[in-house]
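A.B. asks: What Swiss-Prot records for this protein is below:
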ACT_SITE  CYS187  active site, thioimide intermediate
ACT_SITE  ASP194  active site, proton donor
BINDING   ILE86, GLU87, SER88, HIS226, GLU227  substrate binding site
BINDING   SER88, LYS89, ARG255, GLY256  NADPH binding site
Amino acid sequence: MQYHDQSLQTLKLGKKTEYISTYDRTLLQAVPRKLNRDDLGISTKQPFSFGADIWTAYEISWLNLKGVPQVAIADVEIDYQSENLIESKSFKLYLNSFNQSQFENLQQVEQILQQDLIKCAKGQVKVRLNSLQNYAQQPIATLQGECIDEQDIEILCYEFDPNLLENCTNKQWVEEKLVSHLLKSNCLITNQPDWGTVQIHYIGNQINREKLLRYLISFRQHNEFHEQCVERIFCDLMKFAQPEKLSVYARYTRRGGLDINPFRSNFEPIPLNQRLARQ
């Protein structure tokens, strides 16, 4: 993908912007998934059959019909088959536009959010607004699996290198869930760091954990959006490890009141949106 692609030049991300506090759906901006998928060779057919970009929006507020502020937390699922992903700063600005606008009730806001996101993503989107009372009952979760981070290895290079996965399997057939908290990449536009925890669930020849960790650490200076990184990890593992079944799930830390948690799989459904310790 060309980072200077014209479709990225119009994004508000990385630019000084005005904060609008009256509802305006035109603030939402899309990024074509095709940009990254062309580079991965999966624009026509994706190697995953289940997936979504799972967002949590913590800063949602509007006025009721009497002018009293209301607040909620949103769970949003944007289907992996949608034509576009949603650019995060535009999503933040769009949500801010609800702040001084009046709506009848939570259900009306939820419906408007869903309609607008569907139009921007050009695909299926699910939205659920949660009261703070309900959300407070959600515990801090952990991604199931064996953590691969405590290996006694030396890292000298932090440039992205998929070839670190070359010859990464042995002949032992296993089902494993492996977890790393060391995923870090950078925003495609602003170069700001994106911190994440990634879970890899697979059935196939056993993956060498040292090679996998070196590969994940190689994202440390790589510039891509969250969703693109997860699809790249999925494609690289399918190429080098060739598992029979594979899921890749990353949960990223919050920025601007939003966290993004992409999930891609060729065999299991989308997980519940459960926040981790860093979220």
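Backbone N, Cα and C atoms are what each Cβ position is placed from, and that goes for glycine too.
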A.B. asks: HIS226 (substrate binding site) to ARG255 (NADPH binding site): how many Å between their Cα atoms?
C.D. replies: 12
A.B. asks: On a C-alpha basis, identify the one among LYS89, ASP194, ARG255 that is nearest to GLU227 (substrate binding site); the candidates are the recorded positions.
C.D. replies: ASP194
A.B. asks: Name the secondary structure element type, per DSSP in three states, that contains ILE86 (substrate binding site).
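C.D. replies: ILE86 (substrate binding site) sits in a strand per DSSP.
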A.B. asks: Through the lens of DSSP with three states only, how would you label CYS187 (active site, thioimide intermediate)?
C.D. replies: coil
A.B. asks: Given a 10 Å Cβ-Cβ cut-off, pick out the one of the binding-site residues HIS226, ARG255 that has the most other Cβ atoms nearby.
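C.D. replies: Result for the most crowded candidate: HIS226.
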A.B. asks: Could you round the CA separation between ILE86 (substrate binding site) and ARG255 (NADPH binding site) to a whole angstrom and send it over?
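C.D. replies: About 14 Å separate the Cα atoms of these two residues.
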